[in-house]
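Copied over from TrEMBL:
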BINDING   E174, R220, H445, R486  L-aspartate binding site
BINDING   R220, D221, E222, Q229, E479, G531, L532, D533, R534  ATP binding site
DOMAIN    151-552  domain 'Aminoacyl-transfer RNA synthetases class-II family profile'
REGION    198-201  region 'Aspartate'
Amino acid sequence: MYRDTTCGALRASEINKEVLLSGWVHKLRDKGFVVWIDLRDRYGITQLVFDEERTSKELLEKARTIGRETVIQIKGQVIERASKNPNIPTGEIEVLVSELKVLNESILPPFTIEDETDGGEDIRMKYRYLDIRRNPVKDNLIFRHKVSMEVRKYLSDAGFIDVETPYLIKSTPEGARDFLVPSRMNEGQFYALPQSPQTFKQLLMVGGMDKYFQIVKCFRDEDLRADRQPEFTQIDCEMAFVEQEDILNTFEGLTKHLLKEIKGVNVDSFPRMTFDDAMKTYGNDKPDIRFGMQFGELNEVAQHKEFKVFNSAELVVGIAVPGANSYTRKEIDKLIDWVKRPQVGALGMVYCRCNDDGTFKSSVDKFYDQEDFAKWAEVTQANTGDLICVLSGDTNKVRAQLSALRMEMAERLGLRKADEYAPLWVIDFPLLELDEETGHYHAMHHPFTSPKPGQLELLDTNPGAVKANAYDLVLNGNEIGGGSIRIHDKETQAIMFKHLGFSEEEAKNQFGFLMDAFQYGAPPHGGIAFGLDRLVSILGGQETIRDFIAFPKNNSGRDVMIDAPATIDDDQLKDLHLKLDL
Ligand code: ASP
């Protein structure tokens with residue numbers, strides 16, 4: 001037996017008890033006549049004491065030679081501490097050691113294993129197993145476990161069945177590039193790793209499974225933007241005999257359950273906003289509604305005057321930034337530089353100060369009078385003391401730019417509070433999205449999403465206007481889940497593939513199995529998938545998903561700990577019938 005208790009368990013009630021502990025040497029303090037060791041395991045830290053009076057000289061000598069992170073086992077007696085430490089749960093006691101055994105020595109770790117470490121991100125990733133010994137990382141992994149257990153509990157109680165689906169499959173189009181795996185046994189052929197289990201979960205519905213879920217890895221070969229991982233985890237779900245309303249209610253229930261169980265927060269029913277309204281009011285299909293600063297479209301009140309920039313713009317739109325009239329001229333200039341950065345891309349910004357005396361002062365005073373500005377203030381819901389910031393240009397671009405500014409101002413004003421939770425459903429997404437570069441439409445969600453009833457005909461005349469039974473769950477400005485009601489008949493699916501530019505032959509080759517299945521009594525069905533990594537990081541009140549993944553990849557998609565991806569030897573290439581052309 002290595003231990004009969006843990007390093008986080010002992011309290012004053014156990015004084016005098018003989019205990020057996022195992023763990024890592026966290027810290028050692030040597031005062032000559034007395035040595036203290038902080039012994040650490042997953043559960044906490046227990047102070048061990050060796051001293052001249054009560055410990056053998058040999059044992060005291062042995063204790064003082066032990067290095068950090070050495071794994072030891074001790075036997076000893078729980079005693080009351082002379083100077084108690086109220087900051088840790090075991091702070092009232094210490095263990096007077098009578099036997100000490102070194103189980104395994106440690107060489108000097110490359111960074112100190114403390115909550116506040118001296119190790120930079122790179123070194124911690126290379127030695128992630130050491131990083132995991134630190135409380136902040138360990139606690140995040142335990143937190144993630146709690147969230148996924150609550151998910152399993154809720155869904156299982158609601159009648160969902162956890163079914164595993166294969167990883168070696170054929171392409172599932174979710175809009176990213178596939179990771180491919182060459183098949184040794186099938187010369188020249190490749191598996192694709194699932195971008196999601198989409199087609200399989202639909203086939204499970206055809207199979208009569210009715211309510212499916214899986215906490216599952218998905219793989220997407222994308223250029224990694226700041227906080228993405230090439231492999232990530234979804235809570236993937238599908239239900240049969242449901243309409244959109246059933247799905248929204250079920251997964252609103254799951255989200256409320258998580259907020260309550262994990263955060264102790266009760267949230268009323270989630271607001272619903274159409275995609276069009278979200279774009280119009282927040283310039284974004286995942287609006288952060290913890291704060292206002294809603295868009296006010298100013299075309300009517302700001303165009304047809306002398307100001308050419310606005311007159312030629314498709315959209316003139318502004319937000320009222322609360323209290324920002326206090327900005328100095330210099331600060332406003334800096335803000336204008338901020339919106340002109342390539343990452344935001346605005347050509348400029350017009351501002352209007354809402355003075356305390358009810359007057360307005362603007363960068364375009366030349367072209368507008370006080371009455372005009374009063375209308376701007378009305379449309380943007382500005383109060384005295386606010387600063388109205390106005391951008392203009394092409395609708396889509398200008399909305400994205402103003403949305404970026406809105407988020408930046410909210411951040412500066414401290415309105416994005418980590419302990420506040422504002423979920424909402426964004427519904428009625430467009431079915432198709434125009435790729436500006438190629439001029440082709442592609443599925444906004446994925447090709448299996450069903451158009452809204454009665455809109456199929458519109459596909460021929462105005463494809464961009466067709467709305468889908470597709471929805472996203474948004475929390476604090478993040479899309480945490482998305483899904484749709486699916487097409488469940490072969491004919492509609494064929495029409496959809498045609499509009500997405502698949503020839504009949506291509507559709508058959510790639511998705512023949514699904515079209516075939518639809519001929520055998522496919523029930524109406526729909527589903528959703530949540531991004532577990534993101535959900536956990538939001539609930540955990542932290543920014544990056546990497547902090548909640550045990551072994552994450554870096555921005556180049558590398559695992560620097562195991563050094564992957566890596567080259568393979570010639571024999572392996574030969575087995576796989578592959579030749580490199582670099
Ligand atoms: N498969 C979709 C996704 O990964 C989710 C869904 O439609 O259920 O985004």
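Glycine is treated like the rest: Cβ placed from N, Cα and C.
Shown here: features listed in TrEMBL, placed on the structure.
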residue : record                   : CB count, 10 Å
E174    : L-aspartate binding site : 17
R220    : L-aspartate binding site : 20
E222    : ATP binding site         : 13
H445    : L-aspartate binding site : 23
E479    : ATP binding site         : 15
R486    : L-aspartate binding site : 25
L532    : ATP binding site         : 25
R534    : ATP binding site         : 21
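Closeness to ligand 1 is met by E174, these being the binding-site residues among E174, R220, E479, L532 whose Cβ falls under 6 Å from the molecule.
Spacing of E174 (L-aspartate binding site) relative to E222 (ATP binding site) is 11 Å (Cα to Cα, whole number). Among the binding-site residues R220, H445, R486, the residue whose Cα lies closest in space to that of R534 (ATP binding site) is R220. Comparing CA positions across the binding-site residues E222, E479, L532, the one lying closest to H445 (L-aspartate binding site) turns out to be E479.
Under the three-state DSSP scheme, L532 (ATP binding site) falls in the helix class.
Here R486 (L-aspartate binding site) is compared against the binding-site residues E222, E479, L532, and the shortest C-alpha distance is to E479.
As a whole number, the greatest separation of Cα atoms within the L-aspartate-binding residue list E174, R220, H445, R486 is 22 Å.
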